[in-house]
Amino acid sequence: MQREYDYIIIGAGSAGNVLAARLTEDPGVTVLLLEAGGPDYRVDFRTQMPAALAFPLQGRRYNWAYETEPEPYMDNRRMECGRGKGLGGSSLINGMCYIRGNALDFDHWAKRPGLEDWSYRDVLPYFRKAETRDIGANDYHGGDGPVSVATPKNDNNVLFHAMVEAGVQAGYPRTGDLNGYQQEGFGPMDRTVTPRGRRASTARGYLDMAKPRDGLHIVTHATTDRILFAGKRAIGVHYLVGNSSEGIDAHARREVLVCAGAIASPQLLQRSGVGAPDLLRALDVQLVHDLPGVGQNLQDHLEVYIQYACTKPVSLYPALQWWNQPAIGAQWLFAGTGTGASNQFEAGGFIRTREEFDWPNIQYHFLPVAINYNGSNAVKEHGFQAHVGSMRTPSRGRVHAKSRDPRQHPSILFNYQSTDQDWQEFRDAIRITREIIAQPALDAYRGREISPSADCKTDAELDAFVRSRAETAYHPSCSCAMGTDAMAVVDGQGRVHGMEGLRVIDASIMPRIITGNLNATTIMIAEKIADRVRGRTPLPRSTADYYIAGDAPVRG
C-alpha cells in the first residue's frame, strides 16, 4: 500500500470530507483520508432517514458516545457528548438543521487580530459555494454546491405554522429565511436533506464527488495514534486499523490536516506532544511544542425542552407507534417523501431576551411531538415542544487526553452554567417561551404544560429544572481556537502556531461559538481554508446586506 501522500487528513467528517474533495480537484494531488469509524452505509435507515435522527445517538456504531466529567453546576451530572463516527462524522448523526449563525458572529471574529478576513461578507461566498438550495440561488444561498438544502413547504405540519405565528403575536419579528438578510425572529428552518429525502451528509455530498479520483485514498476503521514530527514539522501520522495494535506509518509531503472535531482534535494534538507542558508531562508524552491553549476554551450550547400536550390529534405522536412505522418507512424508501423524509425541525427562531444583546442570544427549535432529542422519554400522548437554549455562554471548559492510548476517551468538562449570565438567560428563555405558547395562534392546540409544569415558576424552581434536565445541543467547539493571543492554537488559516506542515480545520478552531447549529459553519470553514491550502485566491467578498438590530427593541 502507498505510504506517502501530499496531504493526510485525519477525520472524514464535516470538515475533512470537504478538504478531501477540494484538494483532489487539483490534478496529481494525493490525499490519505483516515476515519476511525466505518462507511456511511446507504442501506441503513438509521443514518439515511431524516426522521430517524435519534437512532444513531443510541448506540456506538456511529457515535463516540463521550461523557463529560461530573458537571459541577449541573447537579454533578455526567452529561452526553455525542460525536459522529464514520464517513460523514457528525454530519452523519446530527439533527440536519441548516443554520449558519448570525452575521455578527463572524464580524465579531473579524475584530480579533489576525482574523480580519473572517467577517460575514468574507465567509458568505463560502457558505454559498457549499450549498444547493432546493428553491434556487440568491445573494445568500448557493445553487450548485455539494450540500443539498431543503426548505420547508407550506403543507407541512400545522403546528410549525402555529408556533411561528405565536412568536410573532408575542411581539418578535417574522423572518422568511434564518440564513438570509435577517436571522432575528421566527420562521421556517432549512435542513440538510436531499431532494430524495435522504440525509445530506458530507460523505454523500463531497466524498461521492471525490471517490472516483485516483488521488484519494480512504481508510476506514483507522484510529490515528499520533502525528509524526521532524523537529517542528509534521511529516506524517501513525495509525491503527481495526482492533490491531500494529501501527502503520504514513508520510505527508506537504501537510497534515487535523479534522477530528472539537473533542478529538485537541486530544490528538496532546497525545502527539503539542499542548500544555504540565499535561503532557503527566501523560508521559514528549513535548514537541508548548501550546497551552490546546483543549482550552471549550464551548457548547445547552438547551431545555418546554413541552405541552396537544388538544388536537395533529402532532407526530402516531409516528412513534410501531404499527405505523412500516408504512412511513416504505413511503420514505420508495418515494423519498412523507414523515420519514423530514427531520421534523422545520420551524424555529432567534431572539434577544434583553436590550443589552446586540444580536440574538436565544435559539428555538419547534418540534410537533414531545420527546427527547435522543429518542428517549417520549410523552405517550399528542404533544409539541420548544427546544430553547442560550447561544453565547460565557462559560468555558476544556478537553484533556487521559493517556497515550488513542482508544481511551478524553476528560471533558464544559463547566455548563458557571456564570450568573447563564442562569439569567435560561430563566428569561423559559418565561418568554411560556408567553409565546400562550398566544392565540396556539389556542386550538395548547393543552397543559408537561415539562417543566406550570407550577415551576420561581427563579429557584427554574434553576433546579435547568440543573436537572438541561441537555447538550451537541455543539462542542472552540477548543483549538483561531487567533494570535497567548491561548490561540491556530492562525486564521488553521496553521498551528509554532509548527510547520500542520493545520487544524474543524469546529474546534472557532474562536467563539456561533449563534446557531454548527454543521454549516464547519463546512464553510473547511471550504474557506481549502482555498488557502491550495494557494488559491479567496473568493470575492459578498456585497449582500444584513440586519443589525441597533436600537430596535427586542419586541415590536
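Backbone N, Cα and C atoms are what each Cβ position is placed from, and that goes for glycine too.
Listed in Swiss-Prot for this protein:
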type: ACT_SITE; residues: HIS475; note: active site, proton acceptor
type: BINDING; residues: 6-35; note: FAD binding site
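Where Swiss-Prot records a feature, it is marked here on the structure.
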{"residue": "ASP6", "record": "FAD binding site", "DSSP (3 states)": "strand"}
{"residue": "SER14", "record": "FAD binding site", "DSSP (3 states)": "coil"}
{"residue": "ARG22", "record": "FAD binding site", "DSSP (3 states)": "helix"}
{"residue": "THR30", "record": "FAD binding site", "DSSP (3 states)": "coil"}
{"residue": "HIS475", "record": "active site, proton acceptor", "DSSP (3 states)": "coil"}
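Compared over the binding-site residues SER14, THR30, the count of CB atoms lying within 10 A of a residue's CB peaks at SER14. Each residue contributes its Cα atom, and for THR30 (FAD binding site) and the residue listed as 'active site, proton acceptor' these two points are 32 Å apart.
In terms of local Cβ density within 10 Å, VAL18 ranks first among the binding-site residues ILE10, VAL18, LEU34. Here ARG22 (FAD binding site) comes close to ALA526, GLU527, ALA530, ASP531, ARG534: these same-chain residues lie at least six apart in sequence, with C-beta atoms under 8 angstroms from its C-beta. Cα separation, SER14 (FAD binding site) to the residue listed as 'active site, proton acceptor', rounded: 13 Å. Using CA atoms as reference points, the binding-site residues ASP6, ILE10, ASP26, LEU34 were checked against the residue listed as 'active site, proton acceptor', and the closest is ILE10. All protein chains included, ASP6 (FAD binding site) registers 17 other Cβ atoms within 10 Å of its own Cβ. Within the same chain, residues at least six positions away from ASP26 (FAD binding site) with a Cβ under 8 Å of its Cβ are ARG534.
Over all protein chains present, the Cβ of the residue listed as 'active site, proton acceptor' has 24 other Cβ atoms lying within 10 Å.
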